[in-house]
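Q: Below is the structure I would like to discuss, written out as structure tokens.
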């Protein structure tokens, strides 16, 4: 079937290639109607997970039940619920409640809202998620990033102290729009939009936000009354050091003591994961202990500000506070979309992380619907933007949660707090809330990931730094916008400037690899083998045309310098070209015409199904003739060498 031919070309190169007698034909993909093609492309874009596969070959009654289970996952696992699962969920629910209560109060202040709204947001949304959510371990409630975004974006236009009612209306309206946006993404299966927030973007953004949030807490740690509403690091530091007369040593001492305590418990839990309950219980323990200290020593701690009176009772209805008109509507929509995207990103990422640890899958689009409905309903019950929290979900996971019922018991604990325990928070010092926030945001600074970016991808590292410095020096939303812009620029660069490489033969084989990557891969005399590692489209067709001609020119110069056999054939390996459009087809035709004028032969190798189909329907293949298309590079070289008596 095959023989070997090895001829020494010059003093430097010696190439051995298997000459194959059989030349395989490149086949066209099966014929499809226009409707079949559109249906296939539509399903691959919006339904890659085939969510309707369970409904195939099922009776109508079964389909109805499966439909209910799809939108209400609790119906799927609820029938198998047992006392053993209940016991685990009760323990984990009470554990995360001990973290959720102080965090809820703290994050509400981070969003410039009254503390009660943090507790409200830890009551209704978890109940809804338990019914609608597909994750077994996601713990729902307010999160630091969404709170910060909402607080900074709204505070830049409306003062929460001078216009508290308007500010509250905008916060609730923003929450409603966040829910609408999230639900729409899920229903329209557009979840891939959040993928534009790359890992470097989020890492830099969250680190910058953590620094700003931490510095903002110096107001509470030092007992400063007059503090800048701006979020830039320069303004914050200037406000801190220009108000030294307002510093309270009692507040600072108490804050530092509890901050050290909280950081120590966090460190213990990181080093010894089985002691997770220490850091989980630390915030509530700090609140209780500091409240007792301020109450007992209230005659000597007048300089330490406290939360004060909190009205008992469950979430009051707030649908009448939603505002869909007026001059601030655009602000509410923008805030809702930005906070909605960030909260979705954290919630889905947390859900997928803990699902992978227990070897089950969650439906990202279903999660978007659950979180979106949760926020829309929450906006009507005095809640602001909520999602799944990484920190609380980690505690929930480590506490042994088995199902989303743990959220129900957490909500029940918060309900008891709202009904009966709020008067106990009267003497809780604000400095403790600042210490809790600082401890929480420190975990958002992932310096190990930044080091990894530097080692692996310098462009990702730069994206991370741009997001970080954009947040701390400009603003939270501006830093995020710049980082997203840089990420999109990276995508455009990858699309418009795809990689093209020269392939060489691995001696004694039919394998062709990048000569710059494999030292033993040798060029084949008289042939220039090029591989394109990207789809060919309108954005890069002109570049590829110029780059291929440049490769030809460089090969001519190399051959002349080394006095090798003259170049006769250029082979384009299209194995990695997954798609092509009309601009790409025209570019290939133009390249062929230019090479023809220079007496070079151009052949194509192994186009994938979609590319092959377009080459055929556009009549491009007719220009190449019967011997212009091959299945492999080896077959192309073997056949052309045999027909034109080229020694290789």
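Counting begins at 1 with the first residue displayed.
Placed from the backbone N, Cα and C atoms, the Cβ positions cover glycine too.
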Q: For which of the residue intervals 247-264, 301-318, 319-336 does TrEMBL record transmembrane segment?
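A: The range carrying the transmembrane segment annotation in TrEMBL is 247-264.
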Q: TrEMBL tags one of 39-58, 59-78, 79-98, 139-158 as transmembrane segment - which one?
A: 139-158
Q: For the record in TrEMBL, which of the ranges 368-387, 388-407, 508-527 is the transmembrane segment one?
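A: Spelled out, TrEMBL records transmembrane segment over residues 368-387, not the other listed ranges.
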Q: Could you tell me which of the ranges 202-227, 540-565 is annotated in TrEMBL as transmembrane segment?
A: 202-227
Q: Does the transmembrane segment (202-227) reach the transmembrane segment (459-489), going by 3 or more CB pairs under 8 Å (6 or more apart in sequence)?
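A: They do touch: at least three Cβ pairs between the two stretches lie under 8 Å.
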Q: Taking contact to mean 3 or more CB pairs closer than 8 A (sequence separation of 6 or more), are the transmembrane segment (114-132) and the transmembrane segment (408-425) in contact?
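A: Touching, yes - the transmembrane segment (114-132) and the transmembrane segment (408-425) meet the threshold of 3 or more Cβ pairs under 8 Å.
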Q: What parts of the chain pack near the transmembrane segment (459-489), using Cβ distances under 8 Å and only residues at least 6 beyond its ends?
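A: The answer is 148-149, 152-153, 156, 196-205, 207-209, 211-212, 231-234, 338, 342, 450, 453.
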Q: How about long-range neighbours of the transmembrane segment (170-190): same chain, 6 or more residues beyond its ends, C-beta under 8 Å?
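A: Same-chain residues near the transmembrane segment (170-190) but 6 or more away: 46-47, 111, 113, 117, 150, 154, 158, 318, 321-324, 328-329, 331-333, 335-337, 339-341, 343-344, 365-380, 382-385.
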Q: Among 139-158, 368-387, 408-425, which stretch has the highest count of C-beta pairs below 8 Å with the transmembrane segment (276-297)?
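A: The stretch with the most contacts is 408-425.
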Q: Rank 139-158, 368-387, 408-425 by Cβ pairs under 8 Å to the transmembrane segment (431-447) and hand me the top one.
A: 139-158
Q: Using a Cβ cut-off under 8 Å, which residues of the same chain at least 6 positions beyond either end of the transmembrane segment (139-158) come close to it?
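A: Result: 96, 100, 103-104, 107-108, 110-113, 118, 121-122, 125-126, 129, 133, 166-167, 170-171, 174, 206, 209-210, 212-213, 229, 231, 328, 331, 334-335, 338-339, 342-343, 346-347, 374, 384-390, 392-393, 395-396, 401, 406-407, 410, 437, 440-441, 444, 475-477.
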Q: With DSSP helix as H/G/I and strand as E/B, how many residues of the domain 'STAS' (517-640) fall in helix, strand and coil?
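A: Counting residues by DSSP class gives 60 helix, 21 strand, 43 coil.
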